[in-house]
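The block underneath contains the structure these notes are about, expressed in structure tokens.
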Amino acid sequence: MAGAGLRAAARRWLLCGGHGGPRAASTSPSCPGCGPPGPGAHCPSTPRSAPADSADLSAHLWARYQDMRRLVHDLLPPEVCSLLNPAAIYANNEISLSDVEVYGFDYDYTLAQYADALHPEIFNAARDILIEHYKYPEGIRKYDYDPSFAIRGLHYDIQKSLLMKIDAFHYVQLGTAYRGLQPVPDDEVIDLYGGTQHIPLYQMSGFYGKGPSIKQFMDIFSLPEMALLSCVVDYFLVHGLEFDQVHLYKDVTDAIRDVHVKGLMYQWIEQDMEKYILRGDETFAVLSRLVAHGKQLFLITNSPFSFVDKGMRHMVGPDWRQLFDVVIVQADKPNFFTDRRKPFRKLDEKGSLHWDRITRLEKGKIYRQGNLFDFLRLTEWRGPRVLYFGDHLYSDLADLMLRHGWRTGAIIPELEREIRIINTEQYMHSLTWQQALTGLLERMQTYQDAESRQVLATWMKERQELRCITKALFNAQFGSIFRTFHNPTYFSRRLVRFSDLYMASLSCLLNYRVDFTFYPRRTPLQHEAPLWMDQLCTGCMKTPFLGDMAHIR
């Protein structure tokens with residue numbers, strides 16, 4: 001078991017420098033393995049003093065490097081991998097399901113999970129609309145959808161035609177900026193933003209991910225949109241054609257919108273639900289289980305009733321509406337959450353609108369549009385006893401959490417694949433060694449002779465290579481949707497802010513009791529865990545953190 005390997009590593013730590021109990025942390029870099037020596041202090045596992053000669057200093061640094069290599073090897077036995085469960089639910093905030101009386105759901109990519117085969121269909125249809133209706137060059141038709149190109153959460157600078165990944169601190173991750181299908185050199189990116197990687201908040205985005213000139217692509221349907229946008233820009237650049245960047249962006253987004261507005265996507269799914277809809281039996285199991293435990297359910301979706309009805313009949317059966325206390329279609333989220341002016345309208349079985357005033361929301365009936373304020377007034381479902389699930393952090397979750405105090409659950413299908421990568425031995429060893437090497441760089445930078453600086457430069461180069469390798473495990477162009485090299489992504493920042501829980505699919509609920517309490521892991525703040533792994537190997541620490549090190553990711 002992984003725990004046995006970690007316990008063995010902890011015993012080695014104690015034998016190395018712990019003297020059978022915690023050792024007081026040094027307040028200055030006085031250990032030879034941690035920095036310049038000071039009077040009267042040393043680690044039992046290292047020489048009493050650092051050599052004075054520059055050549056000997058270089059050998060000393062490389063000795064520390066090899067010590068760290070051995071520690072990482074001992075710390076991560078093969079069985080330490082596969083620690084994370086792709087079917088688990090992860091908590092940003094403490095929440096007890098026993099307090100939740102009402103469950104709400106979005107439809108697309110929440111109740112209904114779609115196969116990736118849908119993306120090339122959207123790409124091809126929008127590409128053909130650009131050519132046939134917007135009169136774009138016929139040569140664009142040679143481009144096919146590349147599922148490995150983009151990831152969710154990227155930003156697009158409309159004025160600069162740049163698709164890029166930005167971290168939680170508004171910095172562009174260098175090496176992840178693309179114009180068309182080609183990477184933009186780091187120096188050029190920095191020049192484009194006035195000599196910095198930082199993008200000011202007012203340019204980044206408004207409340208729903210749209211700034212004056214930068215858009216964030218937040219939903220899964222945006223993957224074919226990013227791919228098409230990049231392909232069209234690539235065509236114009238390769239052929240030396242002048243174009244207005246704003247017009248091109250608007251035309252591509254309008255073409256993608258037309259695929260949805262004209263109902264093309266709905267038609268493809270309805271014609272072959274076995275191909276496009278995934279985990280329908282698990283959706284049925286989740287809903288049935290909640291109802292069996294006395295929970296009330298509601299559905300709020302932007303999709304039309306005829307489409308939702310066919311999909312739910314496929315997943316749940318003809319009586320699916322009996323599971324829901326309220327069903328609202330074509331809700332126009334996120335405006336549904338903020339615009340008080342649109343009243344609810346009742347739909348009949350044929351989809352025809354009724355004109356009568358809605359004074360209550362009845363079980364088994366279908367309602368269109370409306371607004372959240374009337375919804376709250378008519379149902380009296382308020383605050384933390386309501387848990388709503390959706391895939392779009394802005395359109396589905398942001399208003400509900402920040403303005404109305406509902407509990408929220410984010411459906412992140414990419415999570416399953418990312419966890420499987422995190423669980424690989426290659427990732428675990430690469431990242432842990434990267435962290436250890438970073439600690440060495442910070443601690444050893446006090447050595448500033450020429451030989452030592454050369455060693456540190458070699459380590460810095462190795463660290464950058466490790467970061468690129470780790471990034472490419474997730475996506476060759478943009479890496480993980482959750483992290484830049486070390487910081488959380490802007491997407492991650494929004495995920496933590498707008499969701500109490502997140503999971504790969506709704507079916508993850510089947511792994512937990514309906515009264516289960518989710519507790520978020522206590523992630524150390526920088527001042528709470530100031531030690532690097534080079535201090536672990538010397539014993540210069542107050543408490544052994546080896547157990548925590550196994551969860552580095």
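Cβ coordinates come from backbone N, Cα and C, glycine included.
TrEMBL: automatically predicted annotations, no manual curation.
Marked as region 'Disordered' by TrEMBL: 27-51.
Taken from TrEMBL, the feature active site, nucleophile applies to Asp106. With a 10 A radius on its CB, Asp106 (active site, nucleophile) counts 24 other CB atoms from all the protein chains.
Sequence-distant contacts of Asp391 (Mg(2+) binding site), defined by Cβ-Cβ distance under 8 angstroms and a gap of at least six in the same chain, are Asp106, Asp108, Tyr109, Thr110, Asp219, Ile220, Ala410, Ile411, Ile412, Pro413. If you look up TrEMBL, you'll see Asp106, Asp391 marked as Mg(2+) binding site.
All protein chains considered, the CB of Asp108 (active site, proton donor) has 22 other CB atoms within 10 Å. Taken from TrEMBL, the feature active site, proton donor covers Asp108.
Taken from TrEMBL, the feature GMP binding site covers Asp108.
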